[in-house]
Every structure is written in structure tokens, then in C-alpha cells.
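Marked as ATP binding site by Swiss-Prot on the basis of sequence analysis: G125, T126, H127, G128, K129, T130, T131.
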Amino acid sequence: MAKSPAAVKAEVRRMRRIRRIHFVGIGGVGMCGIAEVLLNLGYEVSGSDLKASAVTERLESFGAKIFIGHAAENAEQADVLVVSSAVNTSNPEVATALERRIPVVPRAEMLAELMRYRHGIAVAGTHGKTTTTSLLASVFAAGGLDPTFVIGGRLNAAGTNAQLGSSRFLIAEADESDASFLHLQPMVSVVTNIDADHMSTYGGDFNRLKKTFIEFLHNLPFYGLAVLCVDDPVVRELLPQVGRPTVTYGFAEDADVRAINVRQEGMRTYFTVLRPDCEPLDVSVNMPGNHNVLNALATIAIATDEGIDDAAIVAGLSGFQGVGRRFQVYGELPVDGGSVMLVDDYGHHPREVAAVIKAVRGGWPERRLVMVYQPHRYSRTRDLYDDFVQVLGEANVLLLVEVYPAGEEPIPGADSRQMCHSIRQRGQLDPIYVERGVDLAPLLKPLLRAGDILLCQGAGDIGAVAPQLIKHPLFVGESK
């Protein structure tokens with residue numbers, strides 16, 4: 001029987017002497033979910049951001065005090081400030097808090113505090129964190145366990161990226177981008193893969209990144225569980241160094257939990273799962289691609305370990321409605337003679353781009369892929385330039401939007417115009433440079449053919465393009 005919100009609040013230990021919690025940058029994807037859970041636990045929550053958004057309006061409707069813009073007075077009544085790694089001590093609210101000796105804590109430290117008195121499940125890895133965390137929330141809910149979850153994307157079924165559950169389980173993403181996942185002390189940790197990304201955090205040293213993942217896994221208690229994808233060569237390399245109980249997953253024959261007989265039919269992927277001492281389990285997920293099979297395998301490994309029955313696992317996976325901006329299908333965009341399928345995706349690393357392209361080719365092999373891509377950060381574009389050139393060259397038609405800087409200064413040679421030149425030199429594709437995403441509709445109109453798949457991808461403001469295109473007069477008029 002589900003507990004009432006009051007009963008959940010009563011069972012969760014309070015942070016003594018903390019009444020009002022202020023978030024600097026409350027509209028951020030990593031911040032708003034924690035704020036929402038704290039609101040539901042009965043804390044007073046305030047927060048500031050540079051502009052209003054649907055996220056800040058939602059939090060305001062739940063009782064949060066929202067300030068637009070950063071100002072010293074916003075923080076004066078707070079008992080603690082929560083900040084992301086993007087906020088520094090020059091921020092007037094942080095400066096005021098430090099002057100008044102109000103604690104200033106990283107976002108991950110507040111998440112760790114929420115996890116402290118629960119059975120925490122932390123999902124780490126360069127790729128697949130959000131989808132795996134979301135699948136876990138779906139399967140645990142199907143199993144009647146009603147978890148608390150904090151996700152880096154909007155879970156479509158819940159309409160939010162965070163929710164206070166009635167059980168002892170808390171499922172959350174563990175962020176390696178700033179090494180803040182080291183604050184977490186979960187009972188179960190997942191590592192989906194380890195790739196060279198956010199290398200400035202690690203001084204450009206990949207060995208340091210690998211050691212940090214081992215340190216994260218050793219935050220588990222000696223009776224905890226590390227769930228590791230052995231299809232990833234770096235994770236496999238680190239496996240002998242993990243001094244905790246482990247369960248491995250993947251397509252590899254030596255994986256503890258593995259997938260066989262994979263087939264893709266459009267958006268839906270079917271496969272059979274083999275587990276130790278269990279009957280084979282036939283499952284499906286409403287997501288394309290082998291990368292999503294791996295995300296589902298991690299979920300199945302944990303659900304099986306927690307005793308969730310197979311029927312609930314199957315139901316939670318098959319009924320999963322996806323996550324915002326993770327191969328999110330906006331619908332059919334009318335064009336001459338038919339329509340194109342419009343898809344939005346958050347992928348911003350060459351490995352993620354390659355996985356999505358492979359999924360499109362697997363599910364819709366006869367259709368052209370028209371791709372609108374926006375690189376994210378000049379530093380990532382520079383560090384992974386050759387990989388981007390190779391993978392983006394696999395599209396049938398490519399439009400490259402200028403790099404989304406995410407606060408960085410331009411780096412010579414690490415921009416979309418130069419990347420267009422490099423892709424063109426390969427002789428397979430003639431990409432189109434686009435300075436701003438708002439210019440896309442008239443460019444796309446003559447390029448699209450009936451039956452195409454139009455993929456808008458990247459982690460920057462390109463996320464606004466698909467919802468704009470579906471309503472754009474140039475395309476809406478086609479259906480009349």
C-alpha cells in the first residue's frame with residue numbers, strides 16, 4: 001500500500017537547522033529535480049536563474065520563490081545555498097552567502113544528502129545515464145516500489161525529471177563531468193561506459209578519469225553492488241580493480257546479464273535476456289538501437305537483484321514512454337508528396353551520434369537521414385574534431401549549426417564552418433553551414449523529401465528547433 005506524502009516526510013530524516021534552501025541556477029536540469037524533491041519533503045525552497053522558463057514556472061507552482069536574475073539579497077534568508085559547477089564565487093549570491101557564513105554546497109552534495117537515508121542507486125557513465133535512470137524508475141514503479149528519482153531529462157510518463165516516491169529507493173544520475181559523483185554514497189552503482197569527455201576536469205589525463213570512476217565505485221559499501229557494462233573496453237579494463245561485488249552486462253558472451261536475438265522494428269527493439277539461474281526473458285523497449293538494449297540490460301540486472309518479478313520488468317520496459325530529447329519523435333512534418341519523421345536528440349559526443357545514426361539505419365534502412373547538428377562547446381569540438389568529421393559524414397544530408405559555446409570562448413579551427421570544410425574534403429557529403437538555428441526552416445524546405453527522417457541533434461539551443469519546425473508556417477501550410 002502506498003504511503004501518504006506526510007508519512008514519507010515523517011520517515012525521512014530532516015536536515016537539522018535547515019529551513020530554507022536556495023538554488024543558484026535553479027532552472028538547470030541538474031538543479032530543478034533536487035529542488036522539486038526538497039519542496040515535496042516540506043522544505044522552503046527559493047532559487048534564481050537568468051531567465052524564466054517552464055521549469056521555473058513549474059517550481060513556482062509548487063511553492064518555490066523564484067528570482068529572475070542574480071542579486072545578493074536573493075540569498076539573505078537562506079540557510080544553505082546549492083550551486084552547480086558552473087557557478088563561481090564571483091556570483092553575488094554566493095559572495096553574500098560566504099560573507100554571512102551560510103553554507104554553500106555543490107548540487108551533488110545535496111543529492112548525496114537526499115540519498116544518505118535511502119537505498120541509493122546511482123547511474124554513472126559518459127553516455128546513457130539519463131535513459132538508464134529513467135528505465136530504472138519505470139521498472140521499479142511497475143514493480144510497485146514507487147521510487148524517488150532525480151533524472152537529467154524529462155521523463156515523459158511523469159511529465160517531470162524528479163519525483164518523491166513512497167519507498168526507500170532513490171534512483172539518480174551520477175555526474176562525472178565535474179567529478180561531483182564522488183559525493184555520492186549509494187548502495188548500487190552503474191557504470192555504462194567511460195569515454196574521453198569533460199577532460200578539462202581531469203587535466204586532460206584519461207588515466208585520472210579512469211581512477212576517478214574506480215574511486216566512485218569504491219564509495220559503495222562492501223556489501224553494495226557495482227553493475228558494469230563489459231561491452232565497453234575501458235570498463236572491462238577496470239573490472240579487476242573493482243573491490244566490490246559486481247554484476248556485468250552486455251552483448252559479450254561472458255556478461256552475467258546479456259542480450260541475444262536482437263531485432264529492431266522501427267521504434268521498437270525486441271531481444272531475449274539471459275541471466276544466471278533464471279529462465280530466458282523476452283522483452284521489448286520502445287526505443288531504437290543497441291545502445292538502448294544496453295541501457296535496458298543495466299536496468300534488468302538491478303531489478304533482478306532487487307527481486308522485482310519478471311512480469312513487472314517486462315511491463316516497465318515495454319510501457320516506457322521515453323525521455324525528453326532522447327530520440328524524441330515530434331511527429332510527421334508535411335512536405336511535398338508526403339511527410340518526414342521529425343526527431344530531436346540530445347547526443348553531443350561522436351559515440352552518441354554514431355549510436356543514433358546506427359539506430360536510424362537499423363529501424364528505417366530505406367529512408368534518407370537528413371541531419372541538423374549543433375556541436376556543443378568549442379573545447380569538445382577541438383578535442384574530438386576528427387571523430388565528429390567521420391561520424392557526421394555518415395548522414396545523407398547534413399546541416400551544421402554554429403557551435404553552442406556553453407560559456408566558452410571560440411577556439412580557432414574548432415567551429416562548424418571549419419568542420420563543414422573538413423567533411424566536404426572527404427568527398428562523400430557537401431554539408432551546409434548554418435549560423436543560427438532560427439534560419440533552418442527555409443533551408444530545410446527544398447532539401448526534404450517524402451519519407452526522410454529529419455534528425456535535429458545536439459546539447460545546445462538546437463533543442464528548440466524541432467518544436468519550432470513542427471509549427472512553422474512553411475511546413476504547416478503543406479498539410480492544407
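The backbone N, Cα and C atoms fix where each Cβ goes, glycine too.
In sequence order, V123, T132, T192, N193, N295 are the residues of the same chain, not among G125, T126, H127, G128, K129, T130, T131, whose CB sits within 8 A of the CB centroid for the ATP site.
Of all Cβ atoms in the shown protein chains, 23 besides its own fall within 10 Å of the Cβ of T130 (ATP binding site).
Looking only at the binding-site residues H127, K129, the densest Cβ neighbourhood within 10 Å occurs at K129. Considering only the binding-site residues T126, T131, the Cβ with the fewest other Cβ atoms within 10 Å is that of T126.
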